[in-house]
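Presented below is the structure to which this report refers.
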Amino acid sequence: MIWYVATLIASVISTRGLVAQGAHGLREEPEFVTARAGEGVVLRCDVIHPVTGQPPPYVVEWFKFGVPIPIFIKFGYYPPHVDPEYAGRASLHDKASLRLEQVRSEDQGWYECKVLMLDQQYDTFHNGSWVHLTINAPPTFTETPPQYIEAKEGGSITMTCTAFGNPKPIVTWLKEGTLLGASAKYQVSDGSLTVTSVSREDRGAYTCRAYSIQGEAVHTTHLLVQGPPFIVSPPENITVNISQDALLTCRAEAYPGNLTYTWYWQDENVYFQNDLKLRVRILIDGTLIIFRVKPEDAGKYTCVPSNSLGRSPSASAYLTVQYPARVLNMPPVIYVPVGIHGYIRCPVDAEPPATVVKWNKDGRPLQVEKNLGWTLMEDGSIRIEEATEEALGTYTCVPYNTLGTMGQSAPARLVLKDPPYFTVLPGWEYRQEAGRELLIPCAAAGDPFPVITWRKVGKPSRSKHNALPSGSLQFRALSKEDHGEWECVATNVVTSITASTHLTVIGTSPHAPGSVRVHVSMTTANVSWEPGYDGGYEQTFSVWMKRAQFGPHDWLSLSVPPGPSWLLVDSLEPETAYQFSVLAQNRLGTSAFSEVVTVNTLAFPVTTPEPLVLVTPPRCLTANRTQQGVLLSWLPPANHSFPIDRYIMEFRVGERWEMLDDAIPGTDGDFFAKDLSQDTWYEFRVLAVMQDLISEPSNIAGVSSTDIFPQPDLTDDGLARPVLAGIVATICFLAAAILFSTLAACFVNKQRKRKLKRKKDPPLSITHCRKSLESPLSSGKVSPESIRTLRAPSESSDDQGQPAAKRMLSPTREKELSLYKKTKRAISSRKYSVAKAEAEAEATTPIELISRGPDGRFVMGPSEMEPSVKGRRIEGFPFAEETDMYPEFRQSDEENEDPLVPTSVAALKPQLTPMSSSQDSYLPPPAYSPRFQPRGLEGPSGLGGRLQATGQARPPAPRPFQHGQYYGYLSSSSPGEVEPPPFYMPEVGSPLSSVMSSPPLHTEGPFGHPTIPEENGENASNSTLPLTQTPTGGRSPEPWGRPEFPFGGLETPAMMFPHQLHPCDVAESLQPKACLPRGLPPAPLQVPAAYPGMLSLEAPKGWVGKSPGRGPIPAPPATKWQERPMQPLVSQGQLRHTSQGMGIPVLPYPEPAEPGGHGGPSTFGLDTRWYEPQPRPRPSPRQARRAEPSLHQVVLQPSRLSPLTQSPLSSRTGSPELAARARPRPGLLQQAEMSEITLQPPAAVSFSRKSTPSSTGSPSQSSRSGSPSYRPTMGFTTLATGYPSPPPGPAPPAPGDTLDVFGQTPSPRRMGEEPLRPEPPTTLPTSG
């Protein structure tokens, strides 16, 4: 029994605890439940019952926050208590949960669940759980405006639209589908829309839209504006023909819509027009119908709708009635003034306007153009310049238009009348102050009496003025508006006449400017105007401007400087509308504003970019290496709307891309690259071109060219390229070798022929021009050398004269030949030293010629095997052999020892041996090098040695110098002194200077220098004196001007000085007795200013009886001469210099003149070649004078290898005095001695036209040295006082031509020669 009670108590206690825990500790945290409107939801609330036993009774209550009583109560098995709002929707779910069906938005909120245990005390115990219910609902309107809403025009109206939903919806307003935002016209706030200043444009449908994520709701309201009607379709202009019906439409809208329409014609109701009211009708929609229109119905029609609210609108249109042309109110009498122009008018009425008006006079058609002074005007009127009685008559007119005509006018009679005239004319100008009275007179008369009226030109005046009966114009108080032009008009039926005057009102404000113009740019505007009247005071201007959209109070004033009537306004906005006006002001006030001009500034130039058409690059570029090159392959671009035009292939080796090919067809997908460099890394890329657009480059493909180049081998296509190139090169080399071999063979053959021909040259002899003996020219046997050749000889021309085969020579000949070869070898050597030359001379110079005799012993002198045959000499010319060609010279000088032979000639005889004509024969050079002694610059009397006459005396004559028959030496040495060896004249190294037996048939020399006329009937000199520019330093000398050389003789060096150093200018004690006048023609000499003075050089006398070979003979210089050879010059009785250093006297011989003047002396030019005579030889371009035809020259031809020359015997009393000048020898002269050498110009040597030719080559000028550092100046000068002088020739060559010593143009230096230092030449006076 006790156990049972304890168990019962424990169970009760445990049950109470569980219930209390379930009721009090159930879900202490609130629960949130979300549901969509219209769906069902369960609000959970749990109760835990005991495991065993009977559950205690309890009560379930559900509360909603904000509602004081429970919305749901349930106890046991009793029916629940449900709030009316939840009736039918709330029920108990499970033990204590609440189930709500079809939830609503208002069901949202906090709910509390309470469970009450009936067996417990509730005073101190509370339990329950909280649940928040959220209802998601689409927007729904809770407040909306009515479907139609009215508003008065000019007022405001507000339309409100409220919506509810979860989440809260957003409310917006739209008008005709356009979203309305906050503005001056509309105000939108919290779903309300307010329209201010309602106008007719505000009428229409307005839509309220509420939307959220759950949906949207829309409501539409129509706004009706109460006001006057609004014309929706105004009437339009129409054109109808006469008698048709016209229809004018007019439709309007209004609220309220009780509309009435009224139509007006010319501002009068159509129903008030008597002729129109019966033919019009107005329909209910406002259309006006006019039946059977007439021309008078045309005009403006106006439609006015009305609904009794406000001011009714109106709209107008014009009715045009077309009809044929007609004449209205033709006057019966037409008055035309006399003496002035008048009109005959036809009052035409036509629609369309009349095109032709025809006139009839007195019932006949009138041809207006046939009447003088009559003109038919465009309106059909006739203008008469001056009416006469011929114009009198009756006129009718008939107008026509496109619709025809309504007939002719009524007849009108023309009457001539005098026009009115002014009896009082107003003045030209009137000036009066403002506010004062003014009277302007005007009066007229006529028949009928005219009526006088006044009018203002331009803007009419509104001031108080009136016209008096007399016609005058009266102003009681002048105002600013009275200023301007006024006209007095006198009118009667005949015509109207006018008279003008100008009225100036002083003391007013300025008048408004006019003609305002504005020129705009993007940011500037140039405003210009025409100033108005200033009112009598100085006025200024200001420009007013504003933006067009701004109000009337936004004008900005800009002052204008005094003077100009324009202003440049800057800082404007582009593409903006501006308004401009101009205002004038003076001391009395401002003018009215000018008209307002509105302009728009220019907009910035907008360049619309062309749409970019992107071309994708080619794809998948690959490079495959082959033996022939690199094969590049690619795929076309992936996207391209147009076909590919072409591809561009580029490559690079370094950093820079270069184009390989830019014309690969667009249809190709590969390219083969050839001719690549070996062992080089190449990178390639390709670009696509489509319609002038270039794509981006493709991917880069790299390849090395190491294995591209295989060994050259023979393929089917042919030989490899290197093999082919080698074959071509070999063929070219063989062809060139054959060509050069052929040329060399020809050259050698020609040289051999020249040597053979030279060996056949005859010995030199005196040639007489008058002899008719055969010569190589006259006999027809022309030597090949006589033919001119254009090829220059080689530099080795020194050896060209040697024969091809050796001859058997005598010991003397062998001696001469060996010495010649040795001497020439020494001369031709390029390296030279004084010590070497002396040593070689001592070692090689023989004392006597050694030869082997018959017994084998060596003997000196001539060999017995070859007995020496003493050659015969020409008398007076011991250096020339006698030949069979000229018998007049057969007498030898050995057989006839003339006691008159000069001592100098006798001394030279042992040195003169017979010579052959071959150039192989050569006299050994004398063992003496001339030493040049300086002489002072003195006259002839002051010289140490000079030429004197040693032959037989001539009759005394007044001459500046005395001459004998022969030349000799006059030395200052004492008798006891040892005479020096004979002077040696070296070989010039060129055959050009050798004597030519048959000179060219030129009447004058190639140099053309004038001769020096002789004083007192005698020639001073026949020689010409060309002089080269011989620089003394490295720079080219400045040539002297053309000096005037009055020559008195050539014995002294004074002839080389200009006139200020002439012997006539020295002291009287040193002057000769006679001196040539200075009026002689100037010699064409160009003497360099570098020569400090002139030194005379005399040759030493030879030793009598001594052989030239005895004694020490200095070796010739080894340096090769690089100056020009001696050139032949034209002169009579002078020495001719040969290639072996010979002077050849040229003797005159009288002969009758030949026709054409060709009998004179011929000259020997620089290009010494054989000349073939022609019937009429062409004159040389260098011809400067002609010789006298009565004189012919005799050329003395000595052996070309003779070292010295002697004077020939002359039949005349005097013989020429010769001055021989030797070539400078740079190898034997020191610098100190060179500066003292006298420069003597070479003389021109003349030759006979029929003399024996000399076998010499003619080297071209191209082989000459053209360097100005050294030029030869060797020559001979002769004073032939006993010979007549030829007349002077033409002028010398132009000053611009640079000439050498022989008048020739310098040519370039021979290749390979060393330039020689310039040395002045020497002068040698000789006599023979």
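Every residue number used here counts from 1 along the chain in the order it is shown.
Each Cβ is built from the backbone N, Cα and C atoms, and glycine gets one as well.
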Original post:
Pick from SER509, SER974, SER998, SER1215: which one does Swiss-Prot list as phosphoserine?
Top reply: SER1215
**OP:** In Swiss-Prot, CYS113 sits in a disulfide bond; tell me which of CYS45, CYS161 is on the other end.
**Re:** CYS45
**OP:** Going by Swiss-Prot, point out which residue in SER463, SER794, SER818, SER851 is annotated as phosphoserine.
**Re:** SER794
**OP:** From the list ASN237, ASN241, ASN526, pick out the residue that Swiss-Prot labels N-linked glycosylation site.
**Re:** ASN241
Original post:
Pick from CYS208, CYS250: which cysteine does Swiss-Prot list as forming a disulfide with CYS161?
Top reply: CYS208
Original post:
Looking at ASN127, ASN258, which is the one Swiss-Prot tags with N-linked glycosylation site?
Top reply: ASN258
**OP:** From ASN624, ASN1022, name the one Swiss-Prot lists as N-linked glycosylation site.
**Re:** ASN624
Original post:
By DSSP, what is the split of the domain 'Ig-like 5' (420-504) into helix, strand and coil residues?
Top reply: 3 helix, 44 strand, 38 coil
